[in-house]
């Protein structure tokens, strides 16, 4: 098993499937009256979040606690970081405290890789800038496999703001490794073709959403990250929704078995309408639940829970 999880490129097909299989076992814990396992008792997991997050931080906290680990939540706001403490100084502090694993979210791309050089424990990337978010890709893959029974050969359309999406990058890497066929869809300014080619050469690019829907097993809608862009990327929110938003009419062009995903948070009415988000095809709530199971599996395997 790998020591850190920093990128979708860190896992080969065997490792990814081991994580997904372990997550399926962890999912059974959620149905128990007592939702706890003693696997990581005595271990310390630190959630080191330099960016605001609700879903991801709570998901990791729930995952660690269900494995009986001790959890320390660190928020940059109100901490020594606001007084100028560097990431390295924070890392050395965590090292001195004996952290067994550090889950880090940081606005700077590459920050988790630097952190991994400074601590002895395992580092899990919970999102770094516009770079990657590997556990989101794993939970997305788990959701696809749970709903559709396989990953190899699936046609997955990833739609929207690919340029600023760490989720898209990790999904391209992981899904390609697991044999899915990925097509990126969106306005030309939001599809970084050169970066995509470097990540996974077999990834397709299309600028017409309506053309890819009939052949898609999975449609993954991405949030338009307006906080990371100016108004030059597309004319208006209304025009974006008209060209690339998934509404009920477009959803009905999908194959009968196809599912709709979104990593959250959503801009309802922009990239996805409430009708679609709340439909039986939508896996959005499932993705949240599956995130806890997948992150339990990641922490369990990284910290040697299988050897305890």
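Note that Cβ sites are derived from N, Cα and C of the backbone, with glycine treated the same way.
Just so it is clear, the model here is predicted, and its values are computed rather than measured.
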Carbamoyl phosphate binding, same site as 55, 56, 133, 136, 264, 265 - Swiss-Prot member from 18, 105, 238: 105
Maximum Cα-Cα separation (Å), residues 55, 56, 105, 133, 136, 264, 265 listed as binding carbamoyl phosphate: 16
Remaining residues near the recorded carbamoyl phosphate site, that is with C-beta within 8 Å of the centroid of the site residues 55, 56, 105, 133, 136, 264, 265: 53, 59, 126, 127, 167, 263
Binding-site residues listed as 56, 136, least Cβ neighbours within 10 Å: 56
Rounded distance in angstrom between the Cα atoms of residue 166 (L-aspartate binding site) and residue 133 (carbamoyl phosphate binding site): 5
Same-chain residues at least 6 apart in sequence whose Cβ lies under 8 Å from residue 264 (carbamoyl phosphate binding site): 55, 223, 284, 287, 288
